[in-house]
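Participant: Pulled from TrEMBL, these are the listed features:
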- B:1-10: compositional bias 'Polar residues' (COMPBIAS)
- B:117-331: domain 'ABC transmembrane type-1' (DOMAIN)
- B:1-32: region 'Disordered' (REGION)
- B:46-68: transmembrane segment (TRANSMEM)
- B:121-142: transmembrane segment (TRANSMEM)
- B:154-174: transmembrane segment (TRANSMEM)
- B:205-227: transmembrane segment (TRANSMEM)
- B:260-282: transmembrane segment (TRANSMEM)
- B:310-331: transmembrane segment (TRANSMEM)
C-alpha cells in the first residue's frame, strides 16, 4: 500500500460488486493455425493516472503492432486498490486480468496463493542475466520465477529549490538537520518544511532504517519492528510532526502531499521516481530545474531508503497464456524499458538499458540509480505484503497521538508475531 | 382461486378446533397427531405451499445460504491461504479446520471487539438521538402553514435523494484539512485549520455529523407523515381548554407520533449500527482505528488485511446479527409492556 490508498475509495467499494458480477475478460483462442499469437490480453496497470498511464497505455498498445491478431486491453487500476481487486478477481476466477503489474511485495504473496503462473522456461523471460540482481530477487518464490521486473525504485527527498533559496538553507542530510532547516524555512518563508505521509507506512521505512531498525529479520525469523530502534524511529517521526517540522495527513495523504508540494506550500516531500512525472505537472515545477532531489536524511545510526518497484506477472488462470507471456516479455524488454525511462524517468531493471542514449543522460535516473543500488531490500517472503496493514494502523495512531511510540511499536510487533507463526 | 382460499380458511378453522379439543382431553398421542396433521396440511394446503415455494427458495438462496455459510466459517480457522482455490492449472484443496467456538471466545475476551463495540454504541446512540430530535423539530416546523413550505420540504429531502456515496464524497472534500471548503471558510475568519478527519476525536464528530445529515430527511418525512395523521380537532380542543404550545406538543403530538416514532427509531438504529458507507468512505475507520465500527472492522478482516481472515470476519458478522436481534427483541418487549400492540 504505497500510493493513493485513499484516492478512490469509491472504486474500492464498487470493486466488490464489479468483481462479483463483472464480465470476464474473455481471452479467446490461444493460437491460430500458423502459430501466430491471437486473442485478447488484458493488462492491469497501476501507474499514476494523468501522467504515467498515457505512456504505459501507448507502450502496451504497441504490442498490437507486432502481433496484429492480439488485442491488448489496457486497464488502469488505482495502485491502492489493485492488490485487493486482483485477489478478489483471481480467487473467484472471473474478471481477473491476464497480466498484472504487481508491486514487488505483492509478488511472493500472489505466488504463494497460487494466483500466478510460473514463468521459467516460457517466452516471458528473456535474457535473464541482464536484470539487476535486486530487481530479480522479488520475482522468485520457492525456487521458481513468478514475475518479470518492470521498474525498480527507491525514495529520496524532493525539494523546491526556490523555497530553499529564499530561506537560505541547504538540503538536510540528517533528521536533525531536517528539523533546523524546516524551522528556518518556516521563519523565513512561512512554509512548512516537510510533508510526511501519515496514512501510509511505506513513508516511515526510511526513518526506521535510519535508526538501524527493520520490520523483520527473515534470516533469524525474528520480528524487529518493536526493538529499541523501531521505538526510536516512531519517536523521531512523532517529534517531526509535533515540532512543526513536518505536517501530516491521516486520510488524504497522497493527494494532499502532491498538491501541497506542487503548489509550493511545503518545501520538501519524501517520494520516489513514480512521483516525478506528476510533480512536473505542478505550478511550481513548470521550470523542471526547480525540482531538486537528494538522498533521504540519515537517522542517528544509518541512512537508507526502501527498495521498491514493480513486476509484471501472468495470472495462472489466464485463457491466453502464450500471448500473455509474449506481452510480458515485450513490456520488460530493453527497448520498452528505455522508452519508459526516457518518458517517465522510471528506473529500468535491465543493466543494459542504463547505458542507452536518452537514459544515460536522464538526470532523475542518474540520481536514483546509486540510491537503488544501496537501497534496503525487504525479505521477499509471502508475508512481506501483509506487514504494512498492522504497521500503518499503529503508525497513524502514533502520529495522531492515540498511542505512544513505545506502545505503537509493541502492538505492531505483536501483530507481526500473530502473522508469522513461530517467529521470535 | 376463491374456492381454494375459502376451503383452506375453513379447514384451518377446523384444525384449530381439533387442537383445542385435543388440548382439553390431552389423550391424543403426539406423534400420530403431528404426522396426520402434516399429511392433512399438505393435502389441503398444497396450493398455498406451491405458491410460497418460490419465495422460500429465493430467500433460502439469498439469505439462508450465506447465513449458514457465515456461521459455519465462524467455527473454523478459514483464511485466504487455506480455502479451496482453483486457478488455471493450480488446484489447491481446502485445508482449514473446525475450531469450535474458539473465534467467539477470542472476540469476546479480547479488547478489540469490545472496544469497537463501545464506539459503535456511542455512534449509534448519538446518531439516532440527534437525527430523531432534528427530524422531529423540522417536521413540526414544516407541518405548519409557512410560506414556501413545499420548497423547504424539497430542499430538506435533498440529502436523501442524492446517492449516499456521492454525498459522502462531497463531505470528504469539504473536510479535507488542506484544501477543504470548511477550512478555507474558517481561514477566512482567521481560524486555524481544523483536522476534521485527522484528529481521532474530531474524526468521530465528523462522521457522526455526516450520518446525521444523511439521516434527517428520512426521520423528517416519516414524522411529518405521522403528524399529518393527527386530527386537527384535538389541537383545537386542547387550545379551547387552555393548553399551551408545550402542553399540546407533550400530550397530543408525542403520543400521536408514538407508533411512527417507535418504528423509525428501530429502523434507524439497525441502519446506523451497520452504516458501512459513511465510515468506510470518509475515514476507512481511521485515523488508526478511531472510527472503526463493527461492520467496517469485519470488512477489514475479510478484504483489507492479508491473509484475509474469513473466520474472524464471519465471527464478527454473526455477533453483529446476534446483537441486533437481541436489541430488537428487548425493544419490542419494552414497548409491549408500555401497552403498545406493535
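Every residue, even glycine, has its Cβ placed from backbone N, Cα and C.
Show me how these features fit into the shown structure, please.
Facilitator: Nonlocal intrachain contacts for the transmembrane segment (B:121-142), taken as residues 6+ away from its ends with a CB within less than 8 angstroms of a stretch CB, comprise 149, 152-153, 156, 204, 207-208, 211-212, 215-220, 222-224, 226-227, 249, 253, 257, 261, 264-265, 268-269, 272-273, 275, 291, 293.
Residues 138, 142, 180-182, 197, 210, 213-214, 216-218, 220-221, 277-278, 281-282 of the same chain sit 6 or more residues outside the transmembrane segment (B:154-174) yet have a Cβ under 8 Å from a Cβ within it.
Residues 70-71, 73-74, 76-80, 83, 96, 99, 103-104, 106-108, 113, 117, 266, 269-270, 273-274, 294-295, 297-299, 301-302 of the same chain, all 6+ positions outside the transmembrane segment (B:310-331), place their C-beta atoms under 8 angstroms from a C-beta of that stretch.
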Participant: Checking distant contacts: for the transmembrane segment (B:205-227), what same-chain residues at least six beyond its ends satisfy Cβ-Cβ under 8 A?
Facilitator: 123, 126-128, 130-132, 134-136, 138-140, 142-143, 153, 156-160, 164, 167-168, 171, 175, 196-197, 253, 256-257, 259-261, 263-264, 268, 271-272, 275, 278-279, 282-283, 291
